[in-house]
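Structure record follows, encoded as structure tokens.
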Amino acid sequence: MGDELAGNDAVAAGRRRLERCLGTGALAACAAALALGLVIAPPDALQGETQRLMYVHVPAAWAAFAAFAAVSGAGAMRLWRGEGVWERLGRAAAELGAGMTALTIALGSLWGRPVWGVWWTWDPRLTATAAMLLVLLAYLALPYWPGGDPVRRARLTAATGVAGFAVVPVVHFSVLWWRTLHQPPTFLRPPGQVPVHPAMFAALIAAAVAFALMGAWVVLRRVRDLEPAPARAAEPAGESCGRVLVRSAA
Amino acid sequence: MSPGGRLPLLLVAVTALAMTPLACTGLGEGLTYYRTPSELRPAGGEHVRLGGLVVPGTAHPDGRELHFSLTDGTKTIDVVHTGYRPPVFREGQGVVAEGVLGADGRFRSDRLMVKHSEEYRAADGSR
């Protein structure tokens with residue numbers, strides 16, 4: 001996609017540079033996380049190699065939280081400033097958030113079977129996480145609701161993103177508020193009191209950085225992809241669902 | 001909104017309304033994911049989750065069954081588990097068992113889940 005520079009200006013060039021930085025950074029952090037997580041960090045004394053799933057499961061959950069925060073923030077901006085980039089940002093972040101939530105659940109299930117003994121149980125943490133996925137899917141489905149006024153629907157979608165964020169603290173604090181099978185948080189403690197082997201900690205931090213950079217990279221690219229057709233110089237044939245969305249909402 | 005757009009919305013609203021009392025009545029029980037031995041009601045034949053610590057020295061397999069005692073520090077209940085045993089099951093550890101309290105005061109479990117702590121360390125004990 002080299003068409004932005006032709007029609008657009010320094011903004012597009014700056015955005016491309018930012019995308020390239022994010023992509024390169026994500027790649028480097030991925031390499032570091034792989035080395036730390038698969039080679040340098042020791043297996044857990046009790047759980048063995050299975051515990052390495054933590055280096056993907058936990059960053060995926062954090063990325064889902066961050067993505068939902070972006071959905072909520074973009075929703076508020078959409079309600080305040082009207083349609084435009086905030087609408088596209090909200091959608092791009094919700095897509096990432098839904099994917100990350102699904103990944104969190106899938107990896108948690110793979111981790112749960114050997115360690116807990118079950119793939120799934122309706123404990124408050126797992127139930128709240130499933131609810132978070134449903135809220136994000138509802139947010140993504142709302143713009144496609146048949147009939148009605150698309151602009152009103154876009155506002156409703158944005159409001160859903162803002163209100164739906166309430167599920168995030170429920171997911172996070174579920175392990176503290178209620179009895180769960182899932183263990184309480186490990187990492188939100190004063191420095192030096194985190195009960196984790198330093199190499200495991202380093203692997204997790206590297207993986208979290210990789211997920212954060214990769215998530216930002218994916219969302220930026222997706223926001224660009226969701227731009228309405230006229231903003232692009234040479235429009236290739238065929239429509240992405242995003243462009244259909246924007247057109248129907250315009 | 002066009003009539004075509006109203007029907008699905010109506011369906012969702014009706015479903016949500018129908019589910020709300022269900023969710024509210026289930027919530028009281030549902031938010032208590034497991035009961036401790038002290039909270040366990042006398043044998044009523046209901047299928048419940050029981051959570052606590054495995055009393056050290058009480059776990060022993062017996063054929064297809066696994067016997068152990070579960071405690072919350074106040075009360076201790078003997079558990080007979082039949083079914084899959086998580087390999088990381090250990091004495092002194094937190095577990096959640098699903099099953100029925102028998103008339104003999106023993107809890108018959110058919111699903112055993114092991115809680116693990118939020119601590120992670122290497123096999124040599126370093127952290």
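Every residue, even glycine, has its Cβ placed from backbone N, Cα and C.
For B:Tyr120 (heme binding site), other Cβ atoms within 10 Å of its Cβ number 24. If you look up TrEMBL, you'll see B:His116, B:Tyr120 marked as heme binding site.
Residues within less than 8 Å, Cβ to Cβ, of B:His116 (heme binding site) and separated from it by at least 6 positions along the same chain comprise B:Val88, B:Gln93. Mapped onto three states, the DSSP output places B:His116 (heme binding site) in coil.
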